[in-house]
Amino acid sequence: FFRFIAKPCAIKLGIQDSGPHRAQPNAILEKVFTSITKSPDGKRLEGLSKQLDWDVQKIQRWFRQRRNQDKPTTLTKFCESMWRFTFYLSIFFYGIRFLWTAPWFWDTRQCWYNYPFQPLTSRLYYYYILELAFYWSLMFSQFTDIKRKDFLIMFVHHLATIGLITFSYMNNMVRVGTLVLCLHDASDFLLEAAKLANYAKYQRLCDAFFMLFGVVFIVTRLGIYPFWILNTTLFESWELIGPYPSWWLFNGLLVTLQVLHVIWSYLIVRTAYKALVRGKVSKDDRSDVESSSEEEDVTSNSTKGVLSTSSNGSNRSNGHVASGQWTEE
């Protein structure tokens, strides 16, 4: 997919396959970088300056370039997002087409009639297996894909998702499971579309997709999910089949997911507010590429190219200043 579809699309959009400037070879600085620290403090910078007879600014530039050369290019990030966009969009429309004729899509009480003796149709089976396979692939590819500072959070999220899908499948709760899956897929492809526009530097399109993503996310996760999904798993299931043995565990996981929805919605609203105030979506708090252009080193005090600073002191942007802030699951 990357080689024959995503990469040609990226090249047509003008995204280059060139990485950041490589730092000039230096054995002393390389040893400090690999063995001690990737972001030296002021005292260490002064010591290195005396040892190498370099000015501090030149050493800082070297460390910034050295950090950047290990980061993925914008082309790599575009290809990754395009793959996820393609899957999320395809599986969402597959789910909608399948559920449109399913009785439990219109009446959630149908999820519990004759439970657990409910037939597993081939379309329902393939829908579940495709979703489970994709999240397993995310679990494994997370170790080779772009590394971000929320690696641990996403790892736990993938574990929880795989656990919920497997748990509901083993207990034949696939009807309500398909509703949860389709609901979560409704906003994911919009976020990936915003990322694609961001990497291609279509800022207005990027902001529009992100705003649309925020609206859909909040409506589905704070509206439909609690009043439609949790209502049937908490109350309708109790009324129709009683407190089955796994009722507490299943609903405990779903309620925990709702707590995460509230947190993510807050982050999205905060980002959207900043976008309205500044006239564009603010910079990515989860970005993985630092700016390495020489112009930024020379004009560090200018208003153009001012970058946000992360908790570890490194300046980061998604390949250009007007990058979008993504709040992913």
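Each residue, glycine too, has its Cβ placed from N, Cα and C.
Caution: TrEMBL annotation is automatic and unverified by curators.
So that you can see what the record holds, here are the features copied from TrEMBL:
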- 29-73: domain 'Homeobox' (DOMAIN)
- 31-74: DNA-binding region (DNA_BIND)
- 76-277: domain 'TLC' (DOMAIN)
- 85-105: transmembrane segment (TRANSMEM)
- 125-144: transmembrane segment (TRANSMEM)
- 151-170: transmembrane segment (TRANSMEM)
- 209-228: transmembrane segment (TRANSMEM)
- 248-269: transmembrane segment (TRANSMEM)
- 282-329: region 'Disordered' (REGION)
- 308-319: compositional bias 'Low complexity' (COMPBIAS)
Request  = Taking the transmembrane segment (248-269) as the first stretch and the transmembrane segment (151-170) as the second, find out whether 3 or more Cβ pairs fall under 8 Å, excluding pairs closer than 6 in sequence.
outcome  = yes
Remark   = Per DSSP, the DNA-binding region (31-74) contains 30 helix, 0 strand, 14 coil
